[in-house]
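Reading through the structure tokens given below for one structure.
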Amino acid sequence: MAALIAENFRFLSLFFKSKDVMIFNGLVALGTVGSEELFSVVAFHCPCSPARNYIYGLAAIGVPALALFLIGVIWNNHTWNLVAECHKRGTKNFSAAATFLLFGSIMGRAAVAPVTWSVISLLRGEAYICALSEFVKPSSLDKFPAEYGAEVLARFPCRDVPANLTKFRDEVTRRLRYESQLFGWLLIGIVAVLVFLTKCLKHCCSPLSYRQEAYWAQYRSNEDKLFRRTAEVHSRILAAKNVKQFFGFVALDKEEKELVQEFPVEGVQPSPQWNAITGVYIYRENKGFPLYSRLHKWAKGVEGNGPTPEGHELLFLAS
């Protein structure tokens with residue numbers, strides 16, 4: 001039984017490691033759904049006033065989506081790698097395909113949360129009903145009293161209407177909710193088709209086999225973890241040496257003393273080395289051997305960033 005449980009945990013661990021991007025996007029979507037629900041319950045209150053409904057309804061859908069999109073762009077490592085690349089080396093080494101692939105990766109990741117927000121808002125319908133209730137034509141409502149106009153229609157989302165207009169309010173709400181949910185389902189379908197086509201295009205255009213692509217993903221993950229862990233230890237030891245030099249001693253706990261003794265740090269890496277391993281990386285090969293990252297490329301002593309007689313650029317971006 002213990003062996004079976006351990007094997008199941010191992011399987012789940014490998015599954016989550018191989019699907020990290022998909023799981024991250026799923027968690028982002030779930031978090032967005034929860035935030036939208038909370039916003040609708042706590043913060044959304046239609047003003048029920050002509051000219052204000054439309055602005056408020058669209059803002060309730062669009063402004064949070066825009067904010068989530070910008071946050072997604074900021075959180076994406078490719079964004080800052082692109083900034084570093086443009087600052088240090090420019091984009092002269094990027095082909096049109098590589099540039100499109102890079103921006104597609106950034107925008108695609110950043111679009112998960114705003115699209116989820118927009119879909120949930122449309123499926124709920126409150127914001128859409130608030131925005132468009134005043135634009136419903138009275139002539140489209142059977143036997144709607146002629147003395148009432150857009151001002152009364154704008155109050156329909158708040159149920160603040162005369163008793164003789166209750167059935168018209170229900171009809172308008174039902175009609176607008178139908179339209180809102182229809183747009184929501186259409187958006188889901190469009191996004192699903194785009195994701196499917198993108199995945200197909202990626203695998204069709206990838207120069208790597210499935211196994212090598214999986215190995216590359218594992219290498220990137222392991223390199224990033226080891227680099228962060230090593231950088232944390234290196235910076236701690238260097239800080240300890242500098243503090244000791246200033247005060248004459250440094251207060252270290254047992255674990256830190258062991259780290260200082262085990263890993264002697266003589267100095268810091270020069271800026272050219274940091275620049276060499278920072279920036280956008282597109283999969284390349286050198287004399288038939290793969291280079292899986294900028295750090296790997298630097299360690300092998302390969303110079304330059306563009307295609308050379310010895311290095312072949314395959315225009316495949318690390319996801």
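Keep in mind that glycine also has a Cβ here, set from the backbone N, Cα and C atoms.
Any TrEMBL annotation is an automated prediction that lacks curation.
If you look up TrEMBL, you'll see 21-42 (among others) marked as transmembrane segment.
Within the chain, the transmembrane segment (54-75) has long-range Cβ neighbours (under 8 A, six or more residues past its boundaries) at 28, 32, 35-36, 39, 44, 46-47, 106-107, 109-115, 117-118, 121-122, 127-132, 134-135. Marked as transmembrane segment by TrEMBL: 54-75 (among others).
Residues annotated as transmembrane segment in TrEMBL: 96-117 (among others).
Under 8 Å from some Cβ of the transmembrane segment (182-201) lie the Cβ atoms of residues 104, 108, 115, 118-123, 128, all in the same chain and six or more residues away from its ends. Taken from TrEMBL, the feature transmembrane segment covers 182-201 (among others).
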